[in-house]
Amino acid sequence: ELLYFPLNHYPSTHITNVLYFCFPQMSANDCQDPPEYWTIHGLWPDKTEDCNRTWHFNVTEIKDLMSDMRHYWPDVLHSSLNRTQFWKHEWEKHGTCAATLQVLNSQKKYFGKALELYQHIDLNSCLLKAGIKPSSSYYQMTAIKEALTTFYGVTPKIQCLPPEEGEKAQTIGQIEFCFTKELQLRNCTALKGESDLMQADLKLGTEKLSVCSDTLPTYYPSQVQ
């Protein structure tokens, strides 16, 4: 799950749920026990002009959040000795930009607010209530969109991996929720320059996530191997 919001006059914010992707080239220690529920990808502002790149990540500042961070914002792509690498990346690339908002102007506030928004959205429960759960059969993307829009009252952005060669179905990988600067849910609409920002973070192995097609059958696995 990705959280997204704007730092300029245009109201906007993103939170993203993500299914974990494990690739064959990774060592066994690099992708152990990926969660079978939606977790947080990040909390991203849509503009990056006011970032303080010298404000480095300090894990001790979020020690009170550590239990929730490990559960809801896990990093299964790095070895167990370096599990904070994902959080470091998100803070230094996105958190240092988001910190121009008072409600997010510290590492504890940034990560704590992302966790709070994640709990508020509760995507796992929403999908289950709509009868949408990991399955070996396919879903129609329009049905998934309708369920989410009905539940939340806004339109999120759903990203997929394209069909592999010889396959017909796309694979759902990430669901993005957008917020105003006041951190109220809003419809996700494309903003100028947004696509470059997103694609830079959404490359998974050799594949890139892209907005899902409404016409392709959609695979919703518990994990993506």
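Positions of Cβ are set from backbone N, Cα and C atoms, glycine also.
Summarising the annotation, TrEMBL assigns active site to HIS41 (among others). Take the CB of HIS41 (active site) and look out to 10 A: across all protein chains shown you find 26 other CB atoms.
Cβ neighbour count for GLU90 (active site) (all protein chains, 10 Å cutoff from its Cβ): 23. Look at TrEMBL and you will find GLU90 (among others) tagged as active site.
The Cβ of HIS94 (active site) lies under 8 Å from the Cβ of GLY42, LEU43, TRP44, PRO45, each of these being in the same chain and 6 or more residues away along the sequence. Residues annotated as active site in TrEMBL: HIS94 (among others).
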Separation of alpha carbons, GLU90 (active site) and HIS41 (active site) (Å): 8
